[in-house]
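Inspection log for the structure reproduced underneath, given as structure tokens.
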Amino acid sequence: MKTLRSTLLLLLFVPLIKPAPPAPQESPLTFDYAADHLEEAIFSQDYEDKYLDGKNIEEKQTMVRSVKRSLELQKDESVTPAPPKKENDEMPTCLLCVCLSGSVYCEEVDIDAVPPLPKESAYLYARFNKIKKLTAKDFADMPNLRRLDFTGNLIEDIEDGTFSKLALLEELSLAENQLLKLPVLPPKLTLFNAKYNKIKSRGIKANTFKKLNNLSFLYLDHNALESVPPNLPESLRVIHLQFNNITSITDDTFCKANDTRYIRDRIEEIRLEGNPIALGKHPNSFICLKRLPIGTYF
């Protein structure tokens with residue numbers, strides 16, 4: 001009975017009981033990293049822009065000052081007169097030739113005369129052109145020449161004294177031209193080449209080679225010589241006389257007939273092939289030589 005009464009009272013008061021409102025909870029503290037980073041980036045960019053703007057302005061100002069200074073210098077230079085040129089500074093224009101470090105190359109350019117060249121020239125190569133004559137004026141102002149090469153031209157005449165002022169000339173090539181005679185040669189020649197011309201024995205004077213004490217190489221092959229040139233210097237090492245019209249050789253041509261002990265030891269090569277002569281008929285002509293000439297002996 002008591003239990004039933006308690007149950008009824010509980011049912012009567014339950015509707016009157018209201019649940020208490022939930023206690024307000026504080027929201028947890030959050031950190032918006034993106035927003036904060038964005039603000040920092042904006043600040044940094046703004047600062048950097050201002051810094052760079054200032055730097056660019058400074059650079060532009062510096063550049064303007066440099067340009068002004070350059071213009072002032074140019075103005076001063078234009079007012080200042082240039083020093084007069086010296087005569088030694090002026091050099092002839094090589095025109096069709098190529099001038100390089102004392103060497104002048106005028107090969108296969110169809111010139112018919114020796115062009116004006118720098119005074120300092122030491123080597124002139126004028127091969128395979130149309131030059132017909134050489135004169136003393138061609139080399140009057142070129143005292144330093146050491147080598148001249150006129151191979152393959154049309155040279156018929158060489159004026160007297162053409163090479164007289166070329167005291168330093170060591171090598172001279174007149175090969176493959178139309179020469180009938182030889183000019184007076186400079187004293188210091190070591191090489192002379194006049195092969196493939198039309199030179200006859202009467203076109204070579206008796207003393208042409210006598211005083212050339214430095215001459216080592218002599219090329220006179222493929223000409224019209226009837227005899228070996230006289231008075232060949234002791235300095236000769238190579239003598240080319242092949243394919244001429246040489247018909248006779250004497251005991252004095254290369255040796256000394258009156259001196260059987262004489263030996264010509266410097267000569268290394270003598271070529272006489274292609275001549276109408278039997279070398280075997282002249283045994284005493286080569287007795288002073290270490291090597292017999294190249295040619296037909298029988």
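Numbering starts at 1 and runs along the chain as displayed.
For all residues, glycine too, the Cβ spot is worked out from N, Cα and C.
Between ASN88, ASN245, the residue that has N-linked glycosylation site written against it in Swiss-Prot is ASN88. If you look at the repeat 'LRR 1' (112-131), the same-chain residues 6 or more away from its ends with a CB under 8 A from one of its CBs are 91-92, 94-97, 99, 102-106, 138-139, 141-155.
Cβ-based neighbour count (10 Å, all protein chains) for CYS255 (disulfide bond) stands at 19. As a whole-number mean, the pLDDT of the repeat 'LRR 6' (226-246) in this prediction is 97.
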